[in-house]
Amino acid sequence: MNHVILYCRPGFEKECAGEVQDKANKLELFGFPRTKNNTGYVVFEFHQQGDADKFIKLQPFSSLIFARQMFAATKLLTDLPQEDRISPILEAVKGFPRCGELRIETPDTNEAKELLKFCRKFTVPLRQAMRKKDVLYAQDSTWKPVLHVCFIAPGCCFVGYSYTNNNSQFFMGIPRLKFPSDAPSRSTLKLEEAFHVFIPRDEWDERLAPGMWGVDLGACPGGWTYQLVKRSMFVHAIDNGQMAQSLMDTGQVKYHAVDGFKFEPARKNVTWIVCDMIEKPARVAHLMGEWLVKAWAKEAIFNLKLPMKGRYDEVLQDIENLKQYFIKNGMKFELQAKHLYHDREEITVHVRCLDNRSPH
């Protein structure tokens, strides 16, 4: 087996391919990507058999920015007979590790998603057949590998597997979040998704705790502030625009009509700084770096708006500059970045300061 499939946002295949090429080269696992614009996935073909499995073990999924999911896979199965689609798939999975879950998926395009109704119907008979052949355990298990069947067209699919300690836990790599009817804007889902992706669920009570203070730069009308308020935090909302009255009525929000680049909290008791400003990405990244280095906040989640061209290069440059700034200032940190499902022409970055710094 020498293919890895990576799901991505349609239109970002080139960035996803460039990133996986860089990561594979660093691991000295050589191959090349195959992409088609707006298909929502990338096929990376390794020169050596077995390198696909090595890659999905050695490459931390959490450090891939543009990939929503990755799994090692067979080459594309085509022309599955309508009267028996199961047998060719069972043949393809010979030699796979025994898996604890089956996901029959499609890429995230309108064309492919038309197949989802079929995928749902096909799941039960394929799961039964796989359990009969001991390809799947008798009971679903979140500790065992995940078996992926990805249909890109009727009768055409990739069959592969991922490891649960190094994949996306979500079907199709997409968290299913419901828009809260009382939220002031749909941007609220970006921050909610970021919490799901960047912060382990068992740490939410400690790191997203009631009573904490947060700062939201470029807050109006309050989509990101809403997420902090919902978790019983207090928020400094920074913007020259108008905040949703429903948020102001909670008594948890202090509004400051000032420029987000000039605001400094009077009391340095802030845990979270969040920012979704429409600004040059390098400028936003540097501002977030300053907040953390000065210990004005302990954790940050912010969006970097991407240019029309050279998106991957811009991301690499901004993140590298930010890391170097932290290193230069002697700050220990943890940094993750992801092109989230609810992001468009932007990526979301999370940084956590790991040392006890005094505000200055």
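All positions are counted from 1 along the displayed chain.
Glycine residues also receive a Cβ, built from the backbone N, Cα and C atoms like all the rest.
Summary of the site annotation: Swiss-Prot records S-adenosyl-L-methionine binding at S187, C220, P221, G222, G223, D259, D276. Screening the candidates D202, D239, D313, D318 against this entry identifies D239 as the one listed for that site. On the backbone, the CA of C220 (S-adenosyl-L-methionine binding site) and the CA of K305 (active site, proton acceptor) stand 17 Å apart. Only D276, from the binding-site residues P221, G222, G223, D239, D276, place their Cα within 10 Å of the Cα belonging to K305 (active site, proton acceptor). Long-range Cβ neighbours of D239 (S-adenosyl-L-methionine binding site) (same chain, at least 6 residues apart, Cβ-Cβ under 8 Å): L217, G218, A219, C220, Y255, A257, G260. As a whole number, the greatest separation of Cα atoms within the S-adenosyl-L-methionine-binding residue list S187, C220, P221, G222, G223, D239, D259, D276 is 20 Å.
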